[in-house]
Every structure is written in structure tokens, then in C-alpha cells.
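S.K.: Found this in Swiss-Prot, in case it helps:
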{"type": "BINDING", "residues": "R191, G192, G193, R194, T311, N335, S523, R584", "note": "CoA binding site"}
{"type": "BINDING", "residues": "G387, E388, P389, D411, T412, W413, W414, Q415, T416, D500, R515, R526", "note": "ATP binding site"}
{"type": "BINDING", "residues": "V537, H539, V542", "note": "Mg(2+) binding site"}
{"type": "MOD_RES", "residues": "K609", "note": "N6-acetyllysine"}
Amino acid sequence: MSSQSLYKVSGNIAANALVNNEQYKTMYQESIVNPEGFWREHGKRIDWIKPYTKIKKTSFDDHNLSINWFYDGTLNASANCLDRHLSEHSDRVAIIWEGDNASEQRKITYGELHADVCKFANALRSQGVRRGDIVTIYMPMVPEAAVAMLACARIGAVHSVVFGGFSPDSIASRVIDGKSKVVITSDEGMRGGRAIPLKRNIDDALNHPDVTSVEKVIVLKRTGGKIDWVEGRDVWWHSLLETASEHCQPEEMGAEDPLFLLYTSGSTGNPKGVLHTTGGYMVYASMTHEYVFDYKAGEVYWCTADVGWITGHSYMVYGPLANGATVLIHEGVPNHPSPARLGEMIDRHKVNILYTAPTLIRALMAEGKQHFDQFDGSTLRIMGSVGEPINPEAWRWYHEVIGHEHCPIVDTWWQTETGGILITPLPGATDTKPGSATRPFFGVQPALVDNMGNILEGENEGNLVLLDSWPGQMRTVYGDHERFVLTYFKTFRGMYFTGDGARRDEDGYYWITGRVDDVINVSGHRLGTAEVESALVSHELVAEAAVVGYPHDIKGQGIYAYVTLTRGTEESEELRQELRQWVRKEIGALATPDLIQWASGLPKTRSGKIMRRFLRKIAANEVTNLGDASTLADPAVIETLIETRLNRTE
């Protein structure tokens, strides 16, 4: 193995780890050669009401697509996260919660969480929620968000969690698509010392003329802030619980029955509802949580992701709770009120495993390591990274300043669509290289292909595809199966196309190089460029817009917009700020453009297609080697854009 920046598995980790390198190789080989036998065994890690006898019926043929796992078994996800721990671990703490203000803290045992979930499940039933109904959840980072999800799962309802930073328009589009009858929210959330008007955003969303399905809005009292109230529609969370029973029999669900919807950005403007089912997802989320983080019974595990993202679903709720872990949930941001907050919380709650995002690490790095002078960190054992590729400088800083050079880093690559981690080191098995996601998890078959779909062998770079299914894989785009087939299985026949590029080095390690489609990754969160462009063009003074990502020191990628104004409109700094606020209102703060360049014209082919590769290079300040511009209708446009670019370094 090449020695460039190689971090060897330490002896003390290897001695106690779940798997070492030899075991990894043996298990991985078995999972690829004999997936039926491998998953027949590992599917037993969760509790089944009716045990499965059929394991895998899958095909990536776009004319005969099929993804089925454990498909004749029945189970309940909520029972796997709660009931099965009660006989031995009822008093174990399931959730440690720390508010935005550190003086607010709660501990909830598995027994208490079980009672809370049963009561709220009965409350949902009292509001007309039935098996198969879609319930929209728009909540702050409080334990009740997990309670709401698990209560839906308990009665067979399908939850659709919307990130608390999304705008009313974004919420409305998700409610309309899922035809939700019930929405669960909070009066306000707290984040970084500010109150977030969640209920007001829901009220605005539900005023959208196309929202016709919602009958009830259940409101959690978090801050006691002033809110508007719609009689007959709105109902307080606490008033529903006053009469609810603590006994609720879990619904028996088929392995392929839906568990949740989670909307994600695509390369077209409309958000797509990623649908995950119950059996395979629960097996995969719990197994990856245990093996990737080398989880040991009783450990305190902190995932800093928001519950509105897939990481919050798989590695804050379903995976850890299925494994009986103690999960730390933090309402605010780990660098407020100061960058020392992350270290203080690790020490205060004796955190053993930390899973966070490169964007936070880079933000802390920019503030300086002096904020960690008082940080002990001796309880920390394993650290993870998620959301985007981590640059080697941030990896090393994380390793040295937070991990004190004794914690392995698992740099995990996966997607909303994959349900769980696909490429990752395993702490006791994998020597790591800063910036590399290293090797595939069990049952995962990555490959690199060229643009024609030919498989590239050995050390190479290309489009990252997957050759066979795994249990956590999404099953469809809700209400639009054709879009599912088109997006993931038509580009390269017989393969799942990830939308990412990657290279494989001489040791077989994978390095993710970023999106190859029109999706940008801002602070670990995906945004479709078409979504941001649509928002800009909906402003009356904007004639045309093209949006690309560009390298950003903190966020990984920033948003760079080229905007052509309507004829006669004056370019001004005021209008630039107005457009930034406009996008913020339309989509949410995450989508706010960092840079807006006025463009009298955009580089287009004669057929009118915008050539984004030129725009990406100009935004990244790579203007010396733009490549062939002969297909452009007006090559002079490029010169103008280069001269007026905003991201100059000289």
C-alpha cells in the first residue's frame, strides 16, 4: 500500500474492534459472491413479526426494474427501536437532549421514550391518521421530532420530514406532492440564539391555493412565542397527550411497505420524494451504524445532523435506536455561542462517537484551535464525517484538534437515495488516507464507468455507479416511478448512477470528486441548480439565470449565479441584495446565492443549451484553459463574463 499520508489502524482499536482487515475481506467477499446467504444471516439482526424466507429480488434493468428485500417478512420499525430494548434496557438513556441554550437539558430513557411514542401514536390516530397516510413533520431539533417519526412508524403512517430551514413555498410543494392530511410542527425553534418561526412558516405554506389536503396541524409548545391559531385545524400537542393511552400495539408492516418519504433536490426543479421501505432499510441502517462506528453497548453517540436530512433519519433515529444506543440530540449549532461549544458538549455528555460534517469542521478551523485549549475529549473514540468529501486539511485538523490523534476517522460516502453508508473505512479494518472514503461496505459493488458506460478497471477516474442492489436502497420517487427509472437507471444501462464522480487509487480506495450532474453541495446539503434558477427567474426583473457551484472555503461549494436582467433594468447592488433575499424566501436560507454576476448574455449552443462547464470554470476562477468554445452561438460572451467575474484571486 502506498504510504502517502497513510493513517494505520491503531493496535488498541484493532484489538477490540468488531471487524479487523482479514474479517472485512472475508465478509465483503461473501456479501458479493453470495448476497442471499450473507443477508439471510444479517437480516436477523432486527426483530421480525413474521420471519422472512425470501431475501432478494432485484434487477437494475431499466425495462424490468425490481428492488425487493426480505420481502415476505413483516415487522415494525418503532418496535425495533423501542419495544425490543424494554426487557433488559428500559432504564438506559435513549436520548440526551441539550437545547440551544446549554442550561436546558433532558434525559429520556427507553422506557419513557416508548411511553411517549405510544401516547403520540394514539394521538395521531385520534386526529384521523391511518396506515399509509403521509404525515408532514416540520420540527426543531427536539426529542419530540423523533417521537413524531417513531409514532408514525408505529401505526404504519408514512412520515415526510421537512428541514426546519426550508421556506413556506418549499414546504407547500412537499405537502402538495404527498397530499398530507396532518402536519406536525412547533410554535418556534431555537437555533444560534434566534427563534425560528416554524408555525408561521407552516401557516404561510398552508395558505398556498394548491394545498387542499391538510385537516389538522399539531403544534408543540417549544418557546411559548406568539403564534396565529386556526380554530378547528390547529391543536396543541400537549392537549392531545392528556387523554392518550400509553399502550399502542405496533402495526404489522410488510418489509416493502413504505416507512418514510424524504424530499431531495434533483437536477430538475421539482423536489423528488425519495421513498424508503421498512425491512431492508432497518437492517441496513442498524448494521451500518454498528459496524461503521464500531458501536459498543452503552456508548454515547452524537450525530450533529438535522433530523430533516437523511443522516438524521438513519444515524440519529433509526440506526442508533435500533441498536439501543444513547443518542445526543442538540437543538442549536455546535459553534454557538462560541466555537468551544462542540468540545464542551463532548466533555459534558462524555460522547464516545461523533458524526459531523466537513462544513462545521472548516468553520471551526477558521476560528482557530485556541477554542479547544480547555477541551479534554478523552471519552471520544470514533469520529465520522458526512455530507460531502472532506478536504485533507480539514481531515487532519479534525484528527489532531478534536480527535487528539487517537480517534479513527470514518469518512462516509452515501446519499439520501441509498438509505445508509455505502463507501467508508471500518475503524478496526481500514488504514485511512485523508480525503478518501476508502472501501465499500458489505454488499456494495461500486464501479467507475466512462461517459459511454464502459467499466474502467484499476487506478482510474470516472462516473461512480453501483452494480447491484443493497437493502437500504430507495424503491421509487413517490408518485413518479418513471422519474426514478430515468434519473438513476437510464444513463448507464443495468447500473445505478449516483450522479457523483470518483477516482480509484492504486490501493483500490475511492475518492469522491463531486457531482457530475446539475446538483451542488452546499454545507453538505444538496441543491438542484434548476431549483435556484427557477426562483431567480420568477423575479419580474430577471430574464434568465444560470447557477453553478464554486469552491468555497467553509461551505465546500458556494452558489454562483449569472443573471441576465430584463431589458432596460438597471444593474445595482440593491437589486443584487433583493435577489438574494428573493431566493431565500422562495427556497430557504441554504439556497441564497453567494455571488451574483450580471450577465448581458450566457454561453449557449446554437440550439439554445446553456454550456454550464464554461460557467463553472469562470466561477472557479479557472479561466486560462476553458476548452473548445466553437459550438457556442456567440463565443464573445465568454470574454465578457471572464472580464466581469466576481471570484477573482489576483
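Keep in mind that glycine also has a Cβ here, set from the backbone N, Cα and C atoms.
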S.K.: So of all those binding-site residues, G387, P389, H539, which one's Cα sits nearest to G193 (CoA binding site)?
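M.R.: Result for G193 (CoA binding site): the nearest of the binding-site residues is G387.
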S.K.: Work out the three-state DSSP category of R191 (CoA binding site).
M.R.: strand
S.K.: List the Cα distance (Å, whole number) between P389 (ATP binding site) and R191 (CoA binding site).
M.R.: 26
S.K.: Please name which of the recorded positions listed here, T311, N335, S523, R584, K609, is nearest in space to W414 (ATP binding site), Cα against Cα.
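M.R.: Going through T311, N335, S523, R584, K609 one by one, the Cα closest to that of W414 (ATP binding site) is T311.
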S.K.: What is the number of other Cβ atoms found within 10 Å of the Cβ of R191 (CoA binding site)?
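M.R.: I get 18 for this one.
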S.K.: In terms of Cα spacing, which of the binding-site residues R194, T311, S523, V537, H539, V542 are within 10 angstroms of T416 (ATP binding site)?
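M.R.: The binding-site residues close to T416 (ATP binding site) (Cα within 10 Å), listed in sequence order, are T311.
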S.K.: Round to the nearest Å and give the CA-to-CA distance linking V537 (Mg(2+) binding site) with R584 (CoA binding site).
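M.R.: It is 14 Å, counting Cα to Cα.
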S.K.: Look at the binding-site residues T311, T416, S523 and tell me which residue has the greatest number of other C-beta atoms within 10 angstroms of its C-beta.
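M.R.: The residue with the most neighbouring Cβ atoms within 10 Å is T311.
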S.K.: Would you mind listing, in sequence order, the residues at least six apart from V542 (Mg(2+) binding site) in the same chain with a Cβ closer than 8 Å to its Cβ?
M.R.: L536, V563, T564, L565, T566, L579
S.K.: Within 8 Å of the Cβ centre of V537, H539, V542, which other residues of the chain have their Cβ, at the recorded Mg(2+) site?
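M.R.: Surrounding the site, in chain order, are A535, L536, S538, E540, L541, A543, A545, V563, L579, W582.
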S.K.: For the C-alpha pair, I'd like the distance in angstrom between G387 (ATP binding site) and G192 (CoA binding site), rounded off.
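M.R.: Here the two Cα atoms lie 21 Å apart.
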S.K.: Taking only same-chain residues 6+ apart in sequence, whose CB is under 8 Å from that of H539 (Mg(2+) binding site), what do you get?
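M.R.: In sequence order, the residues whose Cβ lies under 8 Å from that of H539 (Mg(2+) binding site) (at least 6 apart) are E578, L579, W582.
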S.K.: Which secondary structure state does DSSP assign to N335 (CoA binding site), in the simple three-class scheme?
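M.R.: SS state of N335 (CoA binding site) = coil.
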S.K.: Rounded to a whole angstrom, what is the largest C-alpha distance between any two of the residues G387, E388, P389, D411, T412, W413, W414, Q415, T416, D500, R515, R526 that the record assigns to ATP?
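M.R.: Pairwise Cα check on G387, E388, P389, D411, T412, W413, W414, Q415, T416, D500, R515, R526 gives a maximum of 18 Å.
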S.K.: Provide the three-state secondary structure of R515 (ATP binding site) computed with DSSP.
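M.R.: In three-state terms, R515 (ATP binding site) counts as strand.
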S.K.: Which residue, out of the recorded positions R584, K609, shows the minimum number of other Cβ atoms inside 10 Å of its Cβ in this structure?
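M.R.: Lowest Cβ count within 10 Å among the recorded positions (R584, K609) is K609.
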S.K.: Find the shortest Cα-Cα separation between K609 (N6-acetyllysine) and the binding-site residues R194, T311, S523, and name the residue that gives it.
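M.R.: Nearest listed residue in space: S523.
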